[in-house]
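Step one of this worksheet: look at the structure below.
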Amino acid sequence: MSGLAPLIADLALILIAAGAITLIFKWLKQPLVLGYVVAGLLISQHFGFFPSVSDMENVTLWADIGVIFLLFGLGLEFSFKKLMKVGGSASITAITEVISMLVIGYVVGYFLGWSHIDSIFLGGMLAMSSTTIIIKAFDDLNLRAQKFTNIVFGVLVVEDLVAILMLVLLPTLAISQTSVGIEMIESFGSLVFFLALWFVFGIFLLPIFFKYMRKFMNDETLLIVSIGLCLGMVVLANKTGFSSALGAFIMGSILAETIDGEKIEHLTKPVKDLFGAIFFVSVGMMVDPAMLVTYAGPIIIVTLATYFGKMIFSSLGVLISGQNLKVSMQSGFSLAQIGEFAFIIAALGLSLGVTSDFLYPVVVAVSVITTFTTPYTIKVSEPSYNLLKKLLPERVMVFLDNFGAGSQTVNRQSDWRKVLKSNVMVILIYSVMLVFISVASVRYILPFLKSEIPGSWSSVIAVAATLLLMAPFLSALLVSKLKTPAFLTLWNDRKFNRGPLFFIVLVRITLAAFFVAYVVFSEFTTQIGIVIILTIFVIIVALFSKTLRTQYAHLEKQFMTNLNAKSFSKLKKEDKNVAQSLMAQNVHLGTFDIIADSVVAGKTLSELNFREKYGVSIVSIIRAGERHNIPRGTDRLYPADQIVVLGTDEQMELFKKDIEGHAETPAKKEDEVVLEQFVVDENSYLVGKTISQCVIRDVSSCLVVGVDRDDESIMHPKASFEFHEGDVVWVVGERANIRSLSKTCAMNPDENGNANS
């Protein structure tokens, strides 16, 4: 009988070690991912107290399969429909966090003396938070009903997509040292091909195939077909020049759109868990404890950069997207860690042979530290907010809480879409041009000019020539399509905060500064480069300030003549008391289950009187997957119902103790209720009418839950409440119904006819 293959013996050792250590970590209530990493460290060749694997090449192969199934599982959880449902707060936060951490990671690597490629990869690793760790922390801390958790989950969805793009672009940046411009174009061309293939398969072929083959498939055949399709796309991606991870993610996202998407996700989860465990064990096996001691200083620096960078810039992203300071800090502190994608990006750098050996264990150490502390950073967010509230003047707190609130109103969302569309196009087009020019200049133009121009002035002339070539595109990136009518309407509308608009301008300035810095630092030392950049900045400010003052004075004058003076003075009031503002109270929607033996089961909403007891409103009842929005007092609650509730964090904490269960019934997403707001303009037919006269509930199936008026907020206004010009009306209902209501309310009485009859 032949001897046992080393592959089987190594696999046995890996799984036994992983199982034993993760049981301990489960007992300690710590994330299993950390248990896998520790298990890998214990059975590695660097740790002599336990047996170690005999063939690391086999382990690397298993780990590669693990990455494939991890990304396949991520694709099954991801879909464009889910991405489209991500709110503006999550999108702006994700973009802010990713860009900021990319820059911070690169700067930290640069000042630590690391190579250009090491610094780029470090930025990519620090940009991604850990979905697995955050979900577990929220469950352990029982925070799912909190408002900020929905924003965090939305951020993670966007980050997943960004991470996939990084897996495409980082290899191109790392490998293409001589012809990066051409390589980037080829890479983007191949990516377009893959996305087109994704679209064709996702919309036409595979859903039809699964629809007609469903009757021939049981769990076994469905699992085999799904894994076969996954590995087939992996091979195709590899042949096209992309990573295996990208192919697995694409096939997962395709299958997620089929009628069997959820079933496939359920069937492949054990496979993903098995190979994912092997991958994380292999991560631990590649960590050298001696190297951790050697690089203790950089580990501490990178860890602190992760904490403060993510906390500050993630919170800033939430703040400028329209949320108040408390929600912003809770969201930002929740994202202060790195996890599985950092391991995957680090492994990618090693497999390509472009990153240094020390980077992998440094990132693993940072991930372990930040993962352990995630529950504590979440817990400390509210005390930190309370401390900041005591330290800052009330005027500053009012400003921060209302910094981006204007972007949340329904009757300005059309303008926001126009502004975002125009700015995204400008940023994409001119950034691509500047990337090409700056990289081509550093690789070709600067060396050529330096060789042709002898002497110490060669670098100055070469950099000046490059910046002159970039100047038209830098100017376009800074000011093109910035003064559109939609932008100016929002900017001059003093009722709406300028935070998001300021952020858009800041992104443009940051990108322009980055391209200038890239060229300058390629030829000069840090000190001289900083002096040059500051000089350029001062000159630009001096040139632009007078022009901008003239332009905005003219545009503001034109705006003022078109706007009723009385209306403008009403909209100008911004000094709301932060304690009274609806947004400051964290009013949001939460979902709760009615368990079988709940004391509320079988009773009507009138009998339960939740609003009187807890201050919350029931805005939707989900029963057997069907939604009944804006229920009446005669509607009854039954076991297994899900109810969507409007209230503050504190109100929901009291409410959930009586009625929350654990059963989950998926509901139809298209009929979801949302909480939005709109402004009662001067010409609105609501002016001077009561809620009962407007019959908003009967006609639009929406519920008025609050009104902001000057310096006060009215929660749950009575039917006799009369609307005034300038009121900010908070409404719960289906999104389409709210937008229809907002448009109707914007009409004057003559245009609206019998709207209120």
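Glycine is no exception: its Cβ is also placed from the backbone N, Cα and C atoms.
No curator has checked TrEMBL annotations; they are predicted automatically.
Keep in mind the model is a prediction, meaning the values are calculated, not measured.
Per TrEMBL, these features apply:
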type	residues	note
DOMAIN	15-378	domain 'Cation/H+ exchanger transmembrane'
DOMAIN	592-657	domain 'RCK C-terminal'
DOMAIN	675-743	domain 'RCK C-terminal'
TRANSMEM	6-25	transmembrane segment
TRANSMEM	92-113	transmembrane segment
TRANSMEM	150-175	transmembrane segment
TRANSMEM	187-210	transmembrane segment
TRANSMEM	222-238	transmembrane segment
TRANSMEM	299-320	transmembrane segment
TRANSMEM	332-352	transmembrane segment
TRANSMEM	358-378	transmembrane segment
TRANSMEM	424-445	transmembrane segment
TRANSMEM	457-480	transmembrane segment
TRANSMEM	501-521	transmembrane segment
TRANSMEM	527-545	transmembrane segment
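Two recorded stretches are said to be in contact when at least 3 C-beta pairs lie under 8 angstroms, sequence spacing 6 or more; the transmembrane segment (501-521) and the transmembrane segment (92-113) meet this definition. The transmembrane segment (150-175) makes no contact with the transmembrane segment (424-445), as judged by fewer than three Cβ pairs under 8 Å among residues 6 or more apart in sequence. Across all of the domain 'RCK C-terminal' (675-743), the predicted model scores a mean pLDDT of 79. The DSSP breakdown of the domain 'RCK C-terminal' (592-657), given as helix, strand and coil counts, is 18 helix, 21 strand, 27 coil. Tertiary proximity for the transmembrane segment (6-25) is limited to same-chain residues at least six positions away from its ends with a CB under 8 Å from its CB atoms, namely 31-32, 34-36, 38-40, 42-43, 50-55, 58-59, 62, 277-278, 281. Counted with DSSP, the domain 'RCK C-terminal' (675-743) comes out as 18 helix, 25 strand, 26 coil.
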